[in-house]
């Protein structure tokens, strides 16, 4: 049973991780908690399902298209809601973020209705639902492996972009000091837009994976997932990309074990207790660096 | 898109009608239910039912030449929102009464205001037991009525049914952590104890949970032969399909919270072999009801569920009262409270409704099941 719980937790965890990177990257670059990120995750699932049902696109085309739409939406959210407040008090941007989140959630409800929908299963290759292998009590389906595979390859891709490319270097520089970047002639707004696009694409992917895995999508699905991913980002050390991945996986496993062995009513409690404990004993998160005053 | 067209058409019709009906203000009824948030889909069901009844009455010329207007108030199924909405309803003098609330928790929170201010309400869906004790004012006048059976009846009925008819022995329970889920689970567990049905585990969850695999993994090791889902169809469908994924071969059953065609849409073939109690069984309903069912499908593009049917009848009862005694809250209450015998009851699509001294309708439960991706009446009823 423990092995199966670990598989359950890991599946949840990698998805949290995928959403959490979006939070952490935006925070790293402009020190804003983008609460609308959970809605990007939800919209990713809705876009993908709509492209399949309304336009008849195959899954392999609908996924990148949905990610692209969410990237553009992410950029738009930044331009509309956050850019005008770039030099305002940080609280102002936080409040617009919450407003944006509520707005997008209700917009989705107006467009698609409030009823939960099934993910178009006909578009999903049947083999994914089949069992890949089992040892003892544990069963792993191809869909599990698909989720792990996609998540890890996206994580590696993200690492390469941040570590090896010019724009990745600019992102890291921006995270250190915005004024200096501007003085060096870096187009700060372009780098921020790129960060939003990248984070939103990953969030959209997470939404699509969840919709495929649970066969359900609904307009309010982003809220809880967003809060959990935010917790994961804080757990790993907000601003740190490897921290977000690690935090997501730790949170997913803590939740699965908490629900399986303690009581399912405490599953969120266990997850948040882990987060609180980390914040108390290691305020910068598990993989976060100690805060340096940026004055 | 369809919605927008509908709204535009409705607006156009309203404008056309506004001409001759200008002289008379419409009679307003309140419909407080969740229209946004996690439970919005259920609110949608209630709204569909009320809308049909109101449209019917209005097409027939309204009441005393006055049109009926349903005021939809969103309380998101949250107790504190419900309390605020209740005050709004009580303060609006033009509102004669209402259909709602949908959730037991919300209804309980709003109840004190209705009782204190004297607003007659008929809940089509709130099944929690404690409502019965809290809906009378100091003079013993009942202000909140229910067009639905109570959880204790339903939970006990379910335990008897799965034990006697389905022959189950070991039950695992999933319950939603709210007044509905807990009330139902408690009634089931109490009856299970007296009839020797073993409950091997009970796992709670909060609304909006999507992942149930950890709890299912824990329950699977106890080898239950029945899985009781004491909650609503959103989460119920996820529980059923995840149980199947984990290789749990059990009979699933639940109460009216599972009854919606979306349960089958979401759970796909994992929904097969699910039994549920419902206050309204389309296949067993009379000819009037069949006409309603067909019209509902035509207008809404989906099969009717019990929530819509109950809401349709609740609105019908309220409007019958208005028609008989006029738009006066106190007189409407008297009229509804006097519906206390089968002879004085209201004949609607869900059958005959009359109230006991607590305002509770005496309604029987039917059992239906999912077979080959469709709802069918269970082969054996227990009445």
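Including glycine, each Cβ sits where the backbone N, Cα and C put it.
TrEMBL lists A:6-28, A:40-57, A:63-82, A:91-112, A:142-162, A:191-214, A:270-292 with the feature transmembrane segment.
Residues 30, 32, 34, 36, 40, 43-45, 47-48, 51, 57, 93, 96-97, 99-100, 192-193, 196-201, 203-205, 208 of the same chain lie 6+ residues outside the transmembrane segment (A:63-82) yet bring a C-beta within less than 8 angstroms of a C-beta in it. Contact between the transmembrane segment (A:91-112) and the transmembrane segment (A:40-57) is present: at least three CB pairs lie under 8 Å, with pairs separated by 6 or more positions in sequence. Among A:40-57, A:142-162, A:191-214, A:270-292, A:191-214 has the largest number of CB pairs under 8 A with the transmembrane segment (A:6-28).
Pairs of Cβ atoms less than 8 Å apart link the transmembrane segment (A:40-57) most often to A:191-214, out of A:142-162, A:191-214, A:270-292.
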